[in-house]
Amino acid sequence: MYQQYHPQPHHQPHGGQPAGGQPNRDAVTQQMYRTELATLSFNSKPIITSLTIAAGDNVSSARVIVQTIEERLRTAPPMQKLPTLYLIDSIIKNVGGPYLNLFGHSIVSLFLDAYTVVDSSARASFEKVLGTWPNWNSQLFPREAIAKIEHGVQSIRQQQKQQQYQPPSSMHINPHYSDRPRENNQNYGPGHMLETIVKTTQLTPDNANMIRQQLAQLWAPPPAPLALPGFPPGGSSPMPPNMMMAPLPQHLQQPPVLPPNLTSAPMSGSPMPPPPLHFPGGVPPPHFPAHLQPPGSVPSPQAMLPGLPSSLPILPGGNVPIPRVSMAMPPVPPAATVPISAAPPAPAAASDLFASLMQSGLLGPNGSLTSQLLQNTANMGRASQSPRMGAAAVATPPMPLSNGTPLDRTGQNEQDQNVMSLGMIDLTSQDIQRRRPTAIQVMYGTPPLQCNQCGYRCPKSADAQKKMDAHLDWHFRQNRRMKDKAKKSHSRSWLVTEEDWIHSRESDLGQGQQPVFFDFGAGVSKTSKDELALQEEIAALREHLMSQSSLTESLCGSNNNNSSSEVEAVTDAALTKGCSVCKEKFIKVWNDTEDEWFFKNMRVVDKMIYHATCYADLVRSNQRQAALAAAAATVAVTAAAEAAAAVANITTASDMDTSLQSDNEPATSFSLKEAKAEHVTDQEMDSELPSSLKRKLELDQQEQEQQVAKKTILAEDA
Amino acid sequence: MTQSEPKEWLLDEENELRIEVEFDVKVKLRLVTGTAEVFGTELGQNVDYEFSGRKIAVFTWHGCKILVWGTCSVEYIANETPMTSYINMHLALEQRRVLATQNNGQGPRVMIVGPNDVGKTSLSKMLLSYALRQNRQPTYVDLDCSEGSITMPGCLTATPLTEMIDVEEGFGSSATSAPTAGSAVMPLAYYYGFPSPKDNVKLYTLLLNRLAHSVNRRLEEDEAARKSGIIIDTNGLIDATGYEIIANCIKAFSVLGHERLYSDMTRLHQKKAGAAPGAPGVAVIKLAKSGGVVERDNAFRRHTQNQKIREYFYGTSKSELAPYSTNIGYHEVEILRVGEGTLAPSSALPIGEDRKVSETQVVKVEPGEHLLHSVLAVSNADRMVESEILETNLAGFVYISEIHESRKKMILLSPCPGKIPKKYWWLGSLKWAED
């Protein structure tokens, strides 16, 4: 997440400030800055960039800006502290100057106070940020200050452990991690980042859509070994219109112009704008060949207005308004579910898009509105001469939706009509007393769609069933969490400040106040369907990217197989993919004696991860098959090993260099010591013992392990 | 409490089953056939609901059959209820909400006033539930500082509601990470610290205006909530000071208003009409008190209060919460209270003397033994500026469980782990003996 904030030379502030009217100016700047800062409620690169630039532009008001940011970091709800820290980081690295000194005064307490209250995953990010400070090109803060923070972080972690709180996760953390060249991680860096976001934050529908869009963009082919012509490097990060308050600096708004044949680009069904795409510093965004335009790339809303010059530049992955999803609306299905492989010429494309949008439930069977839309679209298609404008018209559908939710409106309208059909009830004591037999009907509805768990009645509307499903899902999650409550403790959090209360909506408030301790293992159970889908997409994406990268590597004959990424891949895979045999996720447990996190029952064999028990089963079954084939014991075992490798077929075929790996492992803090140890043992054993004997020993050991594991599980259940 | 033999109740149309349950008794209730609602929230069929220390009314529009397990101290069926007027009231409000949606205007704002124990809170709950049932997002403003439906007694709060009010838990647990069956709500709370608005009218008015200001600002931004309107619940205010406060409140929130003290209020508003042209269309409506309303004696109120405090830290049996115990040195916090010592009644002051100064004066309190068992309110303020700190909203509450005078430390119960975020704490009259 952090690496996105590496300085980019062209982000330097433009020009100085005229002096004069300082106190007054300060007040104005502060007010403006505070307002914009309030929008930084989730990790958003564009907002951070814009705030950084604003800070750079107002160096003369640095004092009040620093004050404002400090205030924000102190008062923001725990879930929102991290973005603010990123902002500080971005300012000190990109702007520097007076900010270094100003932040320097308070950074120790500022950092530590925030660190204390954030959850463990945010802590990891805090530590990452901290890790980049000492080795920065120029000195950011005095050594003593950084040392103090580091010391504080250590003691807080220590303290937490003693109190048996969930300590900050040390998974994937390496203080120097982000200082290393990013080339090797670029492929799944963003994916990983997204995943972390999905896992660690409760997403609002808007956020989810943004992420989805980001994903859509990442699905584009990875950079080819040879740079493709057409796109100059340099981040173009179009802003989602409703996320971005401040205008973007010019250089961010100048997108590379797309090759003209956009109409043949595959259209994704997703009408959401791609969120700001973060690319690791210095790494150019993927170069899209024209015919492989990333999905979701549709022109900016302005392009749809008839009368605009048709030569309007089109952003790659450009802007489309997000339909504002109402809180009552069920989660939008993943964008990937409505792909349109190839968009036919414009008007037809429009209706197609509509059809699939409606199918997917994005638009809903709201006939009147839809037909009106179609008409609009058609008109626009006619109005525009160039095929590109035709494509632009395709992007229109979400527009009218943005100001409300037609789905809701249908339901609401019917309800409203019922209410109004009673005849206006006067606000007089007499009229209030009058009996209205139909009144009850309004409250209880005609053919009721009612929840059998709580009596919730879904207001009759076109999407009642969907709403009811969402409601039942909610029950399911609640019940599950209730069941879990014995294991986890919940507590009441502090209330937000007045400003935050005024500006945040109910949904994010509730979610912004998530438990201080985020249970990583519970991520699956507590996330919504929507988020699960996202996680799956991310996992798929990562696999895709990894296979791509390995393909590229093998094509290039490149030998510098980066094992640190492999190790991380193992860890990541453990988190997302789970066991290669049973596909179940691993349970993360804290080992008090080792002071480390472990994956319960995990075992790494030939870069594949298994449950120790599953692996034992696998070996045994293979063995049995081999025995049936009447092979000798040694042959059988070898076959088993081969089969094991084949079953869990991972894309990359290159052998892992053991020595290289062990060099890298400490550096990446691959803390699964147990797994690592076993891995190494495997390799050593392979070379030293006769394989048959070795396998025998191993099987016995696994047998034991299995017994133990079963016992533990039984004991836990009891 | 799954006793073998449940008691069966058959209710006719528009009847109400009224039950009172003692604090240490659990009663289980199940709707078998028909429809029923408790304070506006509909009951699910064949779902078990558990109550303890509550006085509830199960009302049915269509008739129903209910099973009750356990012993209730009071249980009977009433066939005369003011529910017709209540639902009409709701529909009238709903119509105004529809109009507001059409004209892009403002939803109805209702203030419920009347003497103590006439069912004001129940009526607000009902109106809110009905609104929620129709997919509205009403804002609940609780000016009843004696009870504290949402956070703690002694607070003025505003809460945006989006989810159904839970039958068993009432208004739900504010700002918890716990899986609540009902609504998880995020209130905005200001600390008043006295049981009655009359105890410190100036402070009450100050906070009232501040609260109204914040709510109005929020509603400016939140379209759905603006169109859904506000339901304001108040203390029992029936004397001259009460009217003054009501008038203030109406001005602050631009209330639509309906009211039990019909004639008095109408009179007041005829007078007001000329004076406050900014308050358009204040309608005053008289609603009958439900026969089910019982007078709650002080013991019951005290008990409810204790239960509220307990719930704040420990949650309800349905969703338990884990508070954390930490210790803190005397020097790390600043404990404040409003007003200078005990206030003398205005009448006891020399003629012409104004006591306004002392009413809103912030006084520092030295930590010490006297804090033991107090519930302190943690202010969200970062700076000690007298004019600001009074109007700063609350971050939460802590309970002082032990005082170590010699070491100058106190041990306290905090709702959640970690450092207490702010250092200015309000001392009120709230005490609690943790059991």
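Cβ from N, Cα, C; glycine included.
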*Look up region 'Disordered' in TrEMBL and report which of A:379-413, A:484-518 it refers to.*
A:379-413
*asked:* Quick test of your reading of TrEMBL: among A:258-281, A:282-305, A:426-449, where does it put region 'Disordered'?
replied: A:282-305
*Going by DSSP, how much of the domain 'CID' (A:25-157) is helix, how much is strand and how much is coil, in residues?*
109 helix, 0 strand, 24 coil
*Where does the mean pLDDT land for the domain 'CID' (A:25-157)?*
82
